[in-house]
Amino acid sequence: MRMIDIIEKKRDGKSLTKEEIEFFVNGYTHEEVPDYQASSLAMAIFFQDMNDEERAALTMSMVNSGEKIDLSDINGIKVDKHSTGGVGDTTTLVLAPLVAAVGVPVAKMSGRGLGHTGGTIDKLESVKGFNVEISEKDFIKLVNDNQVAVIGQSGNLTPADKKLYALRDVTGTVNSIPLIASSIMSKKIAAGADAIVLDVKTGSGAFMKTLDDAEALAHAMVRIGNNVGRNTMAIISDMSQPLGNAIGNALELKEAISTLKGNGPKDLTELVLTLGSQMVVLAEQATSLDEARQMLIDAIKTGKALNKFKTFLSNQGGDDSIVDSPEKLPSAKYQVEFKAKKDGYITEIIANEIGVASMMLGAGRQTKEDVIDLGVGIVLNKKVGEHVEKGENILTIHTNTKEIDDILYKLDNSITIESKGEAPTLIHKIITE
């Protein structure tokens, strides 16, 4: 088999066989296929697309390129949730203990944040003593005993994806549905999930800016999952403004705790119940989404979900007293109010700009080496569609420095007030095929 023949075949719009895709992925992983041929094939895929069989083959070739996490010793159906990323996306912190409280095993592998999106692990490390560097054996035992545990990402999962991702970044082939879908799904499958729930974001703070693109990606990932024996569902949710009210590590953890107590922001609570219902159904703990939703609402009302979160924290060395006393979490020295300059309705809060402002305060990393300031960030007091009066506080900046003119300038350009406005739709679609 020759790489040039595979490139020409795809260039001419023909379908590649499973063997041809495996030949490319194995060759590229082991440096037998040079970058220039790999980028040529990526560009051919970008223009000619791939059918469902090709996408499934590409995904599984990337899964098989490295180590795989074996979670077969965990009882029950392991359901993983993946979000395509956003700003203030606190869902995992609420979802994991919530679905665990109704019997869904959550074996979560999480990363750290880079850029304007915070990683789940950064948020959890706001809790004194919390440790994600646990052995696979301990991880499995924790999930069997308590239904939920979080571990840091392992080094050698999907090396083919890492190489291809870096190449796409510099060759103009990032925005290709088959390449994005296989990249995301290969990581989830290699991490041992039996079933997968996807939260595909759309809007200004999302990778997929338009609803059509988000829908195409959601369908692609759901089909890949179902074609390789992993039950998969997706929802398309709004990320034109930040999710919930808090952006920043300890601030988001406080918000997660109040959501588990039943006092969280409306949008975060709704998204968690929608995603959680799918996880409960895929884990076969309920037969319908309505039944699953009611189970989750009850787990919040009775305090079961909150207790599960406490146990989860203490199991991994964390100080669980922060659940009852969130003021023990890291906090910033100063709180600066950002006030409305006129009366009207908020029509826009640009999600990624708010994320960047939060990163500039120290809540995110610009490079992998950066140390995060866990206490800083931004808390929204108003959301899109809400009325404000001149001089009313729109958001509060939690900062450890008084030198924030550049941040105030950025916020000024990220929030729009007009004479009328309405709240965006939170959940656009549910995709099951």
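Note: Cβ is positioned from N, Cα and C throughout, glycine not excepted.
The feature phosphate binding site is assigned by Swiss-Prot to K81, H82, S83, T92, K108, M109, S110, T120, with similarity to another entry given as support. Annotation note: S83 (phosphate binding site) sits in a strand segment as assigned by DSSP.
Annotated K(+) binding site per Swiss-Prot: G88, T90, L243, A246, E255, in sequence order, evidence recorded as similarity to another entry. Reduced to three states, the DSSP call for T90 (K(+) binding site) is coil. Within its own chain, T90 (K(+) binding site) has K123, L243, G244, A246, E252, E255, A256, T259, L268 as residues 6 or more apart in sequence whose C-beta sits under 8 angstroms from its own.
A C-beta separation below 8 Å, combined with a sequence spacing of at least six in one chain, links R168 (substrate binding site) to A42, V174, S176, L179. Annotation comment: Swiss-Prot describes R168, K187 as substrate binding site.
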Inset, instruction - Between T120 (phosphate binding site) and G88 (K(+) binding site), find the distance joining the two CA atoms and give it rounded to the nearest Å. - result: 11
Inset, instruction - Taking the recorded K(+) site as G88, T90, L243, A246, E255, identify the other residues of that chain whose CB atom sits within 8 Å of the mean position of the site's CB atoms, giving them in sequence order. - result: D89, P242, G244, N245, I247, L251, E252, A256, P265, L268
Legend entry - G88 (K(+) binding site) and H82 (phosphate binding site), Cα-Cα, nearest whole angstrom: 15
Inset, instruction - List the residues of the same chain that sit at least 6 positions away from K187 (substrate binding site) in sequence and have their Cβ under 8 Å from its Cβ, in sequence order, or write 'none'. - result: L157, T158, D161
Legend entry - Number of other Cβ atoms within 10 Å of the Cβ of K108 (phosphate binding site) across all protein chains: 21
